[in-house]
Amino acid sequence: MGSLSEIFLTPSEMLKAEQLAARVCDIDSWTLMQKAGQAVAESALRLFPEACRYVIFCGPGGNGGDGYITAKILFEHGMPVVVYRLGHDKLSDDCKHARSICPVTPLPLDQWYPVPGDVVIDALFGGGLSRDMPTEAVNVVRLTLSYKIPVISVDFPSGVCGETGKIRGFSFRASYSITFMTRKSGHVLLPGRDLCGVIEIVNIGIPHRFLLSAWQGIRENTPSLWKDVMPKLRPDIHKYQRGYLGVFSGKESSSGAGRLAAQAGLKSGAGVVTLAVPSSALNINASSLTAVMLRVIDTEDNLNVWLSDQRRLSAFVLGPGFGDLEKARRFVALLSLYPLVLDADGITAFQNCPELLFSYFNKQTTRLVMTPHEGEFSRIFPDIAASSQGKIDKAKAAAIRSGAVIVYKGGDTVIAGPDGRVLINTNASSNLATAGSGDILSGIIGAHLATGVPAFEAAAAAVWRHGEAAYFAGKTMTAEDLIQSIQCLPE
């Protein structure tokens, strides 16, 4: 299982946990609403004690009910409070009750106009909106942005989908989001993540066992999940026992990508790394590399001879800067018995025949890791990419179809396994938006595979180390800096 600090629930899973608590422990939704409103009021007083007035926007559902309770408590503390409502004839039962006991008469939402010193508490929809933001709500969002009004959002900035992080037409940009019990997936998936501000998690009394019972397994990528499967170095170990990684290079003009992957693999723990190069790229690679060995591989026959040394070769990386898509397909067929990282051109090579690729690796043991960015993902999984699903569901569907571990790259990289496991990576830095960054990630994953780490853990650990390296390298880093900043695995 997982501690609450490392798991993500979806809004529907949170609702299921609340229903379990109500059924088993008689903790009803009204009790939870009162606790949520109390928590938001306390946060508002702590975060913005100097507010000239607290402006609370209340929607028609549970989020709006939290807002009415917040208004009641702030009013009882002697604070200047105004409430603006969206919808008044179709309120949920709890929201209707909360509104009935709120001492502040709500005004229509379109009557709000900001004054200096306003602090907005956004309790319109939270993360549960299933349609685009209505016009009245969009108008007040525009005003908060134009006047730079600080916003505290209840659970989520209204307009952000709590499950996918997608924007429902328009969204608040919160200074703070007050959420309950645990983070939701939409808090860390883009673009929603950038709109949530500082996320504060408040315990409102739902027993942890109900949260864990409702949870479908989405976790944060942290070392606690994979550090125990990382190999420990024995005193008598030699280089080949640490893993032998083969990386394929492209032609001379695009050979840098393969070099970056190979150097990253060596830095990340592989005992031996060989860069397999076409003869046309031998000289440029020989003049650029020292610890990485070279081998000329022009043809399938060359590759078969190399693969005959089965005692040593452990894993491969193919794709960065490779270029020749037809050759990539032929080589992958020969490499299908080995752990393989497929990136860039290695993925694109199969855009017209993805099922052929999947047939090579869709066996009992997961050996293939694919690392697509959004464009590459759409080439190899066009129907999944075109669906309305969120990033997590897309990555899961791709992993199940392909039998591979999918590293769906981005500022919110999702790692999905064919067994249904899913991780969201949260330590990525915008520093990674530089040429060669993805090649380096492929090399790190390859190093982990070469040392015998299972594919899912190899990918997860590599994505985390990649993110950590970017922080150490700093904002002005190049790909070469990133390699030098790869840190030891956490103990």
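Even glycines carry a Cβ here, placed using N, Cα and C.
A TrEMBL annotation is a machine prediction, not a hand-curated record.
On its own chain, G127 ((6S)-NADPHX binding site) has P11, D155, F156, V160, C161, G162, E163, K184, G186 as residues at least 6 apart in sequence with a Cβ closer than 8 Å to its own Cβ. The (6S)-NADPHX binding site feature in TrEMBL is assigned to 62-66, 126-132, D155, A257, G321, H373, D439.
Annotation comment: TrEMBL describes N63, D122, S158 as K(+) binding site. Of all Cβ atoms in the protein chains displayed, 31 besides its own lie within 10 Å of the Cβ of D122 (K(+) binding site).
The feature AMP binding site is assigned by TrEMBL to K409, G410, G411, D412, T413, G438. Under DSSP, G438 (AMP binding site) is assigned to a helix (H, G or I) in the three-state scheme. Sequence-distant contacts (6 or more apart, same chain, Cβ under 8 Å) of G438 (AMP binding site) comprise P320, D343, A344, T371, H373, K409.
Residues or ranges marked as domain 'YjeF N-terminal' in TrEMBL: 14-212.
Sequence annotations record features per position, and here TrEMBL assigns domain 'YjeF C-terminal' to 222-491.
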Around the Cβ of T413 (AMP binding site), the count of other Cβ atoms that are within 10 Å: 27
Check: same-chain CB within 8 A of AMP site center, minus K409, G410, G411, D412, T413, G438: H373, Y408, N425, A428, L432
Between D412 (AMP binding site) and S130 ((6S)-NADPHX binding site): CA-CA distance (Å): 22
Cα distance (Å, whole number) from G411 (AMP binding site) to N63 (K(+) binding site): 29
S158 (K(+) binding site) versus T413 (AMP binding site) - Cα distance in angstrom: 24
Nearest-integer angstrom distance between the alpha carbons (Cα) of S158 (K(+) binding site) and G62 ((6S)-NADPHX binding site): 13
Pairwise Cα distance for D412 (AMP binding site)/D122 (K(+) binding site) [Å, integer]: 25
